[in-house]
Every structure is written in structure tokens, then in C-alpha cells.
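Each remark here refers to the structure printed beneath this line.
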């Protein structure tokens, strides 16, 4: 018996290998991924001070907009393997594989090996989960931490040991220091499950939960309270905050604003709804003009996960409200190579072409079924809903007490429903946040399939018909999703999905009395057929290149063909770097500029400090004019690059620079011919082609023709 427990599940191994392939293959072609965060890792490698605070720049002037845990893990990876795009992606890619394994371990003890295999395979094939795992955004690691916490919680229930419960909430606290309040979205499920599943008196349950919540609070607030209690003069400014406070960042910008979409003031934070709509539809918006218009892409001209100057994971508008990223494509006309259309038409970025803020659809109860979001996460959501009914019915016992199967079903439902509800009404989120829904959907599909097959075999009436009903409903919904892509991928896929789904359902309806293996294999074949299109969607970042700043999946990536929304490789102006290094006279900062998008590629390329006076958006009140003048007087800042894209929230500093600085002749530092730059990537939405041909757009790292370099003198 002991030997049997240790047997290797070959099917699981194959699923893990498939997950590893989807998450890892070709990540080595993405040199700097999301430059905003890669710049931070570059800086964090240089000192423990930067490592602790997640400093964006090497001088420790300002932090990124998230807690440090993910970037500390990425920094350790970069220290081990060297600073490469793939080395900062690798932790997230492995976390994605780890999440697939955890799904198996969570489902198998109660629902069996088949359910566990299906759940892990669904998790591996979830399109947005794969897309996020192939970037340096934090969400893949967050989901891994939450699933690890869930495994510890389940162990606490089975073992009846308080230590496992405390460990579970400890890990959720680590999740808070990964992406703040997003980690708390699963707390309702944790609390409810422990109350209904723990074998203890209600008094003991409450005492245990209070203890666990105390651990959660201690771990969650450890880093924020330490940072907030350190004098501001001895630490970096907290990026994307208005009051230089981690707690304000957590509960304001990374908290309530995610739900309301309201601006916190000062031009920073979530754009308002009208600004978002303008960003999504405008043909004239530009990226931060910090790139020579003639610079081209990296040496190989390839990127597996291209980037864009859209908010790295937060939705801020670069350069002080100059709109969002360019509309993409050649010359910025709609989606790459064309008109973009409505969300899900098969061309253009979903953020550009979809309705609602950041192309996430119209808030409402059916938002997850709208074309803007459904192809990223919801393919099997109808099957999961039927699975809930099947699990609650099949798990029922003669006694009125909930069975173990029903209790765990309640847990996954309590994870799914509140988070689905949040995304149904929230104003301020991106497509890749939907990875939070991947675990409960995978669990309910895997366990639900087994329950539905059991009901089909052993029940009569409507309970028996839940299985064919689930197949028909899910088939119909997949055809609804595919209808917008038939012109691009061919109608054959829709026909194939429809035929297999309908024939499977008919076979189950007509031949119910056949022997049991028949129903098992027919229903399994139907489910696998329903997984074909999600798996294709999940593979599109490998096939066509992705978007490292705002990950998404789908055939529309093919139309970008490496030159659309987020597909271009970032470049820096080599002539500018050479000029600054020759003339900087030992200043602490290579140069100062308005925003992090402009600064990031230069930090990555030179490993030197570049001051972004307004943080990511250009509007953080990170430094006053008096403080800036003091730095100039001390010789720490000698050059200022005005991007020509507006002054952000630091008008007084830019005005002072323009009035007192000496303009450097453009021929001394601006390139006039193509210069390929290795080991850099774009965080911009405009392509290098558009940059080169039009002379008007530039990704972060160079400048457009309106950029100006000023020399500042200490005696000013």
C-alpha cells in the first residue's frame, strides 16, 4: 500500500511538462520583459538597501508600485543566472508549474486521481495564467502563494493541528507583500471553510481563527510598518503613493481605487472613466518620447513577450496624463495594421479595442461572459457552474451534515463567487488579474466532471442530465467566443468544437443504458475537446509573441506580428548615453526625467541611477523644487531629459529646468541613423517600425524629435 502511494503519476508528469513548455519556451527571446520592473531588479542587485525597498533606481530615490517579495525573488534569480529577461521571468514561470502541481495535490485526496488530473490540466491550459507566467508581473507568484496557503489550510483541517492553520495565514501574509489586498480576496473562502470543516468546537474554531488572523496581520504589515516608520530622508519615496506611505498605497491606490476606478488626486492613480475611453480609442496618443526616432530594435529583432508603456500592473498613465499608450500598429492607427475593432474581433490589443476601462468590458453580472474577458478565463466557466450543482448533489449523504466533498466544494465556490463578483463590477483592473479565477474554475471542472459522471450513471431524471447539459452549455459558450475569430483562424475550429460537443451530448442522451465505460469515455472525450481552444489560446504567446506589461492571449497577437501593441523591442539612444557618460562629471544620477517609462531602459542598459521625479506616471509628488535644486547644487543631478510629452505632476521642477537649464544641442546627443541596441526591450505600445518611419513616436529609452536635454549648473 505504501509503495502504491509513492507511484509516479505519469499523466500528471505529462501535464507538468506541458505546463513547463507553455510557461518557459521562448522566454529567452524577451530581453527586458516589463522594463519598469526589470529596471527595479537591476537596481536591487546593487545594494541591500535597494533590495529591501524594491527601489526603482540604483540611488534609492523611488520604489516601484508594489511590495518587494516578487522582485526580491527575481533579484535572487538574476544574481544566480545573471541579469537577463529570462532570469526575471523564470520565477513566475516555475510558479505557474507549481500551481498546476498544487491543484493536483489539493483535489486528489477528496475527489480522486481523475478529478485531480483534469483540474491540473485545466489550470495548465488557462490562457491568462500562461500569459502572466511568461512575464515579470507578480500575479503568477501570488496565485502560487495562495494555492500553497490553501494546501496548508486543507492540511490543517485533516490533521487538526493549529500550526498548519497559522502557516496557511502566514503564507497569505506573504501574498499581501506580493500584491497587497489582492491576496485577501480568498479570505472569505478560508474563514468559511475552516468554520464548516474543522473538527472542533465553535469556541475553539473562533480562537484558532483569531490567532491565524493575528499572524496574517503581523506578516502582512511587517514590511509596510517598518518602511512607513523609517524617516523619509533615509528611504526611497513610495512610488504611486500620494503621501509617501506604503499603507496608503495598499489601501488606496492598490485597494479601493481598484473597485471604484477613481483618481486619488494629483493626476496620479486610476484614470477616470472618460480618460480611459479616450485612451482606448484615440489614434493620436503617444508613448513617452524618450527614444530616438531612428533607433531600431534589439539585435535579433525578436521578442516573445513584447512590452508597452501602459501601466505595468496598475493602470497609470505615463507622463502625467498624456493619455495611454499609442493605439499601436503602424502609425498608431487602431490595432496593429488596422482598425482594432471591438474587443475580441481578432485584431489589435484587447485593451485598445474592447469597451470599458482598459478594454475589460462593461460592468455587470455577465461581464465574465462578455467578449472582452471571456476568452482569457471563462471558456469552461459554464461547465464549472454545472459542476457545482453536481458536486453538491453527488456529495450529499443521508444525514443532513455536509460531506467532505460538499465542504471542499463550498470552499472553491467561496473562492470563485466573491472574486467573480469583484471583476464583474470593478472599474480598474487589467485582463491578467483574472488569473485569480483560474484555481476555482479548474477545481470545479475537475471535481465537477467526476461528480456529473457519477450522477449520470447512478441517477434518473434531471440529475442524470446535468452531464450532457454541461457539455451542451459549454460547447455553446465556446462557439459564442469563437464567433469573433472565425475570419482569422477559420470556421473549422468552431465546426469541430460544435460537432464533438453536440454529438457527445446526443450520445449521452440516447445511449444512457449502455455500459459504464461508454459514458466515461464519451464524456471525457467531450471535455478534452472543450479544452482544445483554451489550450490554443494559451499557446498564442509562444506562437506569436506576447505582451509583458499587459499580458493577454488570443489570435489577435498574430496580427501584431511582433510590431504592434507591446511587440517592439525597446531601444535606448546610444549617442545620449555616450554623451552623458563623457560629460556627467561624477554626478550621482546619469540624468533626471519626468517618469519611469523614460528612465527604465537606461537603468537596464547602463546599470546607473536615473531619477524619475514623478515615478511611473510622472505625477508622484516624490520631490519638491527645493529638494531638486539642492541636488543640483550638490552636483548629484547635472542633466535633465524633458520628454516633450507634458510635465506630469511636477510642473514647477520642469519649468525651473526650462528656465535655468542650458539646452544641449540635439546634434550632440540625438541619433540620426538606426542604432541597434542589444539586451533592451520596449515598454512602449508603439512599434519600432512606427518610431523609425514616422519620427514621432518613441518607446521608453529614447526620445522623439520634441525631447530636450538640459544641462544644469550648481550655481543656478
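Just so you know, the numbers here start at 1 and follow the chain as drawn.
Cβ from N, Cα, C; glycine included.
Copied over from Swiss-Prot:
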TRANSMEM  8-28  transmembrane segment
TRANSMEM  87-107  transmembrane segment
TRANSMEM  118-135  transmembrane segment
TRANSMEM  137-157  transmembrane segment
TRANSMEM  159-179  transmembrane segment
TRANSMEM  180-200  transmembrane segment
TRANSMEM  206-226  transmembrane segment
REGION    260-363  region 'Disordered'
COMPBIAS  278-289  compositional bias 'Polar residues'
COMPBIAS  290-307  compositional bias 'Low complexity'
COMPBIAS  318-347  compositional bias 'Gly residues'
TRANSMEM  376-396  transmembrane segment
TRANSMEM  409-429  transmembrane segment
TRANSMEM  462-482  transmembrane segment
TRANSMEM  491-511  transmembrane segment
TRANSMEM  518-538  transmembrane segment
REGION    664-716  region 'Disordered'
COMPBIAS  680-694  compositional bias 'Low complexity'
Contact between the transmembrane segment (518-538) and the transmembrane segment (376-396) (3 or more Cβ pairs under 8 Å, separation 6+): yes
Proximity of the transmembrane segment (462-482) to the transmembrane segment (376-396), 3+ C-beta pairs under 8 angstroms: yes
Candidates 87-107, 180-200, 376-396, 409-429; stretch with most C-beta pairs under 8 Å toward the transmembrane segment (137-157): 87-107
CB contact flag for the transmembrane segment (118-135) and the transmembrane segment (180-200), at least three pairs under 8 A: no
Top partner of the transmembrane segment (409-429) among 8-28, 180-200, 491-511 - counted as Cβ pairs under 8 Å: 180-200
Tertiary contacts of the transmembrane segment (180-200), as residues 6+ beyond its ends and Cβ separation under 8 Å: 66-67, 139, 142, 145-146, 149-150, 153, 156-157, 160, 165, 168-169, 172-173, 208-209, 220, 249-251, 254-255, 258, 402, 404, 407-408, 410-412, 414-415, 418-419, 422, 433, 436
Recorded stretch, among 8-28, 159-179, 206-226, maximising Cβ pairs under 8 Å relative to the transmembrane segment (87-107): 8-28
Non-local residues, at least 6 beyond the ends, that sit with Cβ under 8 Å of the transmembrane segment (206-226): 67-68, 162, 165-166, 168-170, 172-174, 176-177, 183, 191, 194-195, 198, 200, 246-247, 250
